[in-house]
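Chemist: Could you have a look at this structure, given as structure tokens, before my questions?
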Amino acid sequence: MSDASTPLMRQYNSIKEQVPNALLMFRLGDFYELFFEDAVTAARELEITLTARNKEKGNAIPMCGVPYHAAEGYISRLIQKGFRVAICDQVEDAKLAKKLVRREITRVVTPGTAMDSNLVRSRENNFLAAVGRSGSRSAVAHVDVSTGEFRVTEMEPEEVAGALEHLGAREVLFPGDLPLLTGEDRSGLRFVRTELEDWVFTHDYSDRTLRDHFKLLSLDGCGLANRAAAIGAAGAILHYLRDTQRAALDHLDRPTYYDRADSMVLDSVTVRNLELIEPLFAADAGGIHAQPTVLGVLDQTLTGMGGRLLRQRLLRPSMNRAEIEQRLDAVGELQQQTILRAELRKQLSGILDLERLLAKVTLGSAGPRDVLALGRSLEKIPALKRCFDTQQAARLRNLHDRLDELADVASLILDCISDEPPLNLVDGGTIRAGFHPELDELRDLSQNGKQYIAQIEARERQRTGIGSLKVRFNNVFGYYIEITRANQHLAPADYERKQTLANAERFTTPELKDYERKVLDAEDKILTLEKELFSDVRKRAAAHAQRIRAAAAAVAELDVTASLAQVAAENRYQRPCFSDSGEMRIMAGRHPVIERLTEQEAGRFIPNDLYLNDSTDLLAIITGPNMGGKSTYLRQAALIAILAQIGSFVPAESASLPVIDRIFTRIGASDNLARGRSTFMVEMTETAVILNTATPRSFIVLDEVGRGTATYDGLALAWAVVEYIHQRTRAKTLFATHYHELTELAEQLSGVRNLMVSVKEAGDHIIFLRKVEPGKADRSYGIEVARLAGLPISVIERARDVLKLHERTEHAVSGELVKSEDHGPVQIQMFEPVGYGIAERIRAINVDELRPIEALQLLSELQKELKRS
């Protein structure tokens, strides 16, 4: 960085040294300016003009700038590109500054701490995470600065990458010397990595930092007793927030420890395959609520915090059966009470995002309209609470008790802030008339000046007898009294001459000068006083942060409960029940998303039953044609289990389920070129995770395992996977396949059953019935599906000919099924099939009559024919 000689640039350099890794936006009047390398970078990334300072002195300093009132948009663009941006503001009035205006960094915006609406979706969290380690244990803490949520958990080091991927953090804090994630681990993760000094993560420093901030004698009440790694990660987050936000952070929750074993585990592969949050083909979709996803079907929440809570529940279904049952009780009561549900949703629709409004208030970034929105939202809570004060469900009664009406905070805000405040405080009109007497007087002086001048003019005309006397104002002379030359002899002695014109004289008086001074000072005084009053009410509202946070959490849960009740009522969902028998019994189950799409297209979704248990029906092998509904059947079973454990009613006539600890899916295939993995490698890696991680309480969904390689290799692997799950894992499993040979396993393994997707043949055409029933399919109908896809008729006819020839000549692929000597898993005896024509020629040979030279010639011909085939 160049050594600039001016006081301004020395000030800039001094401040820039505080944030060497951030772009510094330096407030100069009505602009934020960037200098040196920051300017070059910003001009390139923002596509704005790069200029230079001090060109004429031969010491040009690159610079660029953006208007202060439009800065947030530019900051957002830089954050989206992964930059950190430090905001340096003028912290004293330029008019009062004796020399150089004092400037300070007021906040540092990073990907993990962004709050602007351009960067943070209303129904998604924006997480900042930190990774800590103590001994053999690792921890991941996360916070959403925009809502105050602050949580931490511990795990094994090898689990960190998966935890970060599932969390979806935008920025992650690491100790500089922590080699937790290898390149292989990190290659699928998308976050900004920020390294902090090692001492920030130490137990003693973090423990003290957390206790001091939250005013606690011990962290044991947060569940952090004897959890050094968790304390280090949580303390590092708080340290970083203090450094970047430069604010009180009163809206943050205490860091709460959560045990990952309390939730069903859904890894990123399962979340993607089941389309819980995003569709597999996002390019074909519009906005988040228009997308064909499970969240899109379930989310009828009316508040931002309710939408975020529903999303979190969907990603982390509960394993606490008592909690699930309480949620279902509440959903059931609201589902049955249509009028109550409608009134609740009406009241909820008037409540804005309390969590994010509160965050802005406590961080000091809330403008007049933000504070008014908070006040008006709090004003709605008493009416909301009155709606459900006689409910029976324990969860609803608990929510009612937790819902602080906050009428005092609402009055505090609404008594002060005007009904239509400006977007920016500097535009004036923020404070309500009648709230502050001095402010009212100043406004009266400023706004009613014309009336006051008219009164002076009338009085002076009467006093002097000059009917043409005028009181006027201009920017050069201010207020003045103008008298024509013919009447100047009538001017009173207290008139002071101010200006002589050709046809008139202009005067002033002590009263007029005093009024002029008051008027000119009034606007500045109004703005200063409004700033003081607004700042005061914002601080007083922030003092109630924990009360508001608690109320926001209650409103969010009520919103989610009402949303699930609404969805259940509209879509004929039924309450699931849970049992300890290990049985999974679903009657007339439906896929929530496909059902919705089918109804939109005036079609009818075909429901299906499912039965699995821990013994005789542990694993179902499902065969049938493409497009027959196998994948839908697999997914809907997994989704019904997930919906049940978030506390939702399910799309089925009835569902009796065990509490599942983890759902695995291996559906579809795609290359992962970024990691150098082929389709088959991705498939095998995902399958390996399932086999190595699943427990008897898990539910596994496998679709076409082995199809990414040669037929016999794929069949062998699929066969072995089924055996392994049946013999060792013992997890309930649905296994869809086109390897019809696998259906023979139902005769060999006691817990395997066959299911098939039925079709109806009509000549050369087929009708997909999409009904799953016991049995096994003997054909895949691939050619019929190809015909439906529009392949040329000549290709279809040729394919049928080849298929008939292949079916006549190919031996059974599975070969002979035998038991190993120790009665272990069934083995497949396979050999290369010999073409039918060659085999017939060999059978027809009369060896007794064949001469040696003829035998050699025949052997050569057969060899050539085999090579050609």
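The backbone N, Cα and C atoms fix where each Cβ goes, and this holds for glycine too.
What you see is a predicted model, and the numbers here were worked out from it, not measured in a lab.
According to Swiss-Prot, the ATP binding site annotation covers G624, P625, N626, M627, G628, G629, K630, S631.
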Chemist: Using DSSP reduced to three states, classify M627 (ATP binding site) as helix, strand or coil.
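Modeler: Its secondary structure by DSSP: coil.
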Chemist: When a 10 Å sphere is centred on the Cβ of S631 (ATP binding site), how many other Cβ atoms does it contain?
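Modeler: I get 20 for this one.
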Chemist: Give me the count of other Cβ atoms within 10 A of the Cβ belonging to K630 (ATP binding site).
Modeler: 25
Chemist: By a simple count of other Cβ atoms within 10 Å, which of G624, P625, G628, G629, the binding-site residues in the record, is least packed?
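Modeler: Each of the binding-site residues G624, P625, G628, G629 was scored; lowest Cβ tally within 10 Å is P625.
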Chemist: Across all chains shown, how many C-beta atoms besides its own are within 10 angstroms of the C-beta of N626 (ATP binding site)?
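Modeler: If we count other Cβ atoms within 10 Å of N626 (ATP binding site), we arrive at 19.
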Chemist: Other than G624, P625, N626, M627, G628, G629, K630, S631, which residues of the chain come within 8 Å of the ATP site, judged by Cβ distance to the Cβ centroid of those residues?
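Modeler: Going along the sequence, the neighbours come out as V757, F768, R770.
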Chemist: Within its own chain, what residues at least 6 apart in sequence put their Cβ under 8 Å from the Cβ of M627 (ATP binding site), listed in sequence order?
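Modeler: F768, V785, L788 - these are the non-local Cβ neighbours of M627 (ATP binding site), listed in sequence order.
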